[in-house]
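Before we start, here is the structure in question, set down as structure tokens.
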Amino acid sequence: MGQKENRNRLSVCNKICYAVGGAPYQITGCALGFFLQIYLLDVAQLDPFHASIILFAGRAWDAVTDPTVGFLVSRSPWTRFGRMLPWILFSTPLAVISYFLIWYVPPFENGKVIWYLVFYCIFQSLQTCFHVPYSALTMFISSEQKERDSATAYRMTVEVLGTVVGTAIQGQIVGMANAPCLPGPGDILANLSNYSLLAGHNSSEPVISLDHTKTAYMISSGIISIIYVLCAIVLFCGVKEQKDSCRPRSEPMGFFQGIRLVMGHGPYVKLIMVFLFTSLAFMLLEGNFALFCSSTLGFRNDFQNILLVIMLSATLAIPFWQWFLTRFGKKTAVYVGTLAVVPFMILVVCVKSNLIVTYIVSFAAGVGVAAAFLLPWSMLPDVVDDFQVQNPNSTGHEALFYSFYVFFTKFASGVSLGVSTLSLDFAGYISRGCTQPEAVHVTLKVLVSAAPIVLILIGLTILYFYPITEERRQGNRKLLQEMRDNEADSETESTELANMI
């Protein structure tokens, strides 16, 4: 028994290597979430309608691939490297190539929409082949719930650091080569009296063209691609997948049979509904905050720093929320953490444009963002354990649970980006415009404040009916440990009997 416990215990190095594997998804996801919309509108210069098609269709395709990959992973044979790690290894090279091509502006106009749609879909599919097995790997690094919770805490810390890295690399490099806005007729008339002064001022400054901005996006995407590959190597070399960390798998089942099995578990359905609404809220905020800062608040040259402040604050808050959920329980932590961001969502649209106030509000909002990011993921292993207790003869479906969880994340992202970009089209958004119509400002305020708040309240209302309490979670943990101990004893007795024969 002591040897088994030592085998299930993870070293700090194992946990760090496991955690590093979560960085690529967050780095690329943060770069795409914060910057893809503004890149398609202002750099690739697509009209908002076509941009909305790319964003929604790409995410919708990505969402569909999650259950498919989860099903394929669940039926994958065991190899000497494990069952999850080969997926991660082989998907990485093609994923980074397709990611780089998303940020390249092709030298033709007619096929631009197809270009971005194709490579966006390819990247999302390949990243799914990385992220779904990686998410399910949580259940295979140890059979001890305490060790898995600890590894998850490491993972969430690194993932939030990944969002900081993604925001910093993309934001700071692009921010240094931010092409000036294009004045409209009203802007030209308003500044006609100061034309000579502006001309004299501009002649002494280096001119940043749109080509410089395009190059900056390619440089940042190249750096992120290198980090993606390095993180995948660290994960593959530093983590050992345990074949006996879970009980034997049940007989393989069909795709739709697996869906019915997973979606028939009540606590799981409630949790993914909570995650769907809260994810949709924060995806709306994430996808539109850069445009809100640059267009509505007027901080065109500072928005990347504001985003960085939010992510840094979220990183610093992770240890606090980890302590909070341990002290007060996961369900209470979700309520407190998610509601903590609501006052700052209201404040950022109500306070008159002021850079210092915006930085303060952004730092405070980052604390709530950390909670919304960390806490729902920490509850998923509890649901998987609850399912295994209630269905002891149906095992080996961890990848399906995690794939549907990721599916709803990406579905929320696709809906939020598609709807918000289409809303900006209806409001009359002007690409690279120095000023925007009032309808655009109102739309952006709704997308970063009112709509997310309503979605958060709906999600937390559903959370009220989530049945897995701390007592039930601890009970499931004890029952599963007893099952594993009994199976280990049975295997030992069978081995001894076979040796005697």
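Using the three backbone atoms N, Cα and C, a Cβ is placed for every residue, glycine included.
Automated prediction, rather than curation, is the source of TrEMBL annotations.
The shown structure was predicted, so the numbers you read here are calculated from the model rather than taken from an experiment.
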Which stretch, out of 42-66, 117-141, is listed as transmembrane segment by TrEMBL?
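Based on what TrEMBL states, transmembrane segment spans 117-141.
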Against which stretches of its own chain does the transmembrane segment (84-105) lie, if we need a Cβ under 8 Å and a gap of at least six residues from its ends?
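Same-chain residues near the transmembrane segment (84-105) but 6 or more away: 21, 28, 32, 36, 39, 43-44, 69, 73, 76, 112, 115-116, 119-120, 122-123, 126-127, 129-130, 132-134, 136-137, 140, 214, 217-218, 220-222, 224-225, 228-229, 232, 235-236, 239, 241, 399.
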Determine which recorded stretch among 117-141, 268-285, 332-349 has the most C-beta pairs below 8 angstroms with the transmembrane segment (442-466).
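Most contacts with the transmembrane segment (442-466): 268-285.
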Do any residues, 6 or more residues outside the transmembrane segment (332-349), come within under 8 Å Cβ-to-Cβ of it, and if so which ones?
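Hits for the transmembrane segment (332-349): 274, 278, 285, 321, 324-325, 358, 361-362, 364-365, 367-372, 374-376, 379, 445, 448-449, 452-453, 456, 459-460, 463.
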